[in-house]
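Here the structure comes first, spelled out in structure tokens, and everything after it is commentary.
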Amino acid sequence: MSGFSDQLLFLLLLVSVSLSPPVRCLGNGGNGGNGKERTLAMIKPDGVSGNYTEEIKRIIVEASFDIAKEMLTQLDKETASAFYDEHSSRSFFPDLVTYMTSGPVLVMILEKTNAVSDWRGLIGPTDAQKAKISHPHSIRALCGTDLQRNCVHGSDSRSSAEREIKFFFEDVVSGDIASQHDEL
Ligand SMILES: *[C@@H]1O[C@H](CO)[C@@H](O)[C@H](O)[C@H]1NC(C)=O
């Protein structure tokens, strides 16, 4: 009898181990279910239309990120406004929405240990003009123009990352979800 339950336990373990990699548990603190952290990266319209997608993806892979998911999409006014909802009362908001809806964007879930801070390190300062001086090898120095047209986005914290991943990849488009990040 105990031999049988041992076998059963072993089988259950085997099943749960073999199931665990493809089953991504969300909402577990930024852990993609495999011990790695996740962040949301986006190549903005100027990056995509400026032909920087391949170069940026090469940098991403070279820096040992896994691209867990990616989606090329054209943001509409409503979605861009919801994503940047916390800036909705700012004077630059209409320009920001116009910029973000001016062409397709590539949204990606990046995975590695320390994904959030490592991706922010790679993209460099928010203001691309400053990035060109202080972080000449950063992605924003490569393809950004200024504070607004800065070519790429990166989540500013693990909680922002989870919220932004849900926003784009779980079909939840809601101002509530995107309302707490500061990063342009
Ligand atoms: C686009 O970028 C790729 C690689 O980054 C380069 O090989 C190609 O020549 C570029 N195409 C144009 C039209 O600039």
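The backbone N, Cα and C atoms fix where each Cβ goes, glycine too.
Going by TrEMBL, these are the annotated features:
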ACT_SITE  HIS153  active site, pros-phosphohistidine intermediate
BINDING   LYS44, PHE92, ARG120, THR126, ARG140, ASN150  ATP binding site
DOMAIN    36-176  domain 'Nucleoside diphosphate kinase-like'
SIGNAL    1-25  signal peptide
Cα separation, the residue listed as 'active site, pros-phosphohistidine intermediate' to THR126 (ATP binding site) (Å, whole number): 9
Listed in sequence order, residues with CB under 8 A of ARG140 (ATP binding site) and six or more positions away: ILE123, GLY124, PRO125, THR126, ALA128, ALA131, LYS132, ASN150, CYS151, VAL152
Lowest local Cβ density (other Cβ within 10 Å) among recorded positions: PHE92, ASN150, HIS153: PHE92
Separation of alpha carbons, the residue listed as 'active site, pros-phosphohistidine intermediate' and ARG120 (ATP binding site) (Å): 9
Around the Cβ of LYS44 (ATP binding site), the count of other Cβ atoms that are within 10 Å: 27
Local confidence of the prediction over the domain 'Nucleoside diphosphate kinase-like' (36-176), expressed as mean pLDDT: 95
Pairwise Cα distance maximum in Å, ATP-binding residues per record: LYS44, PHE92, ARG120, THR126, ARG140, ASN150: 23
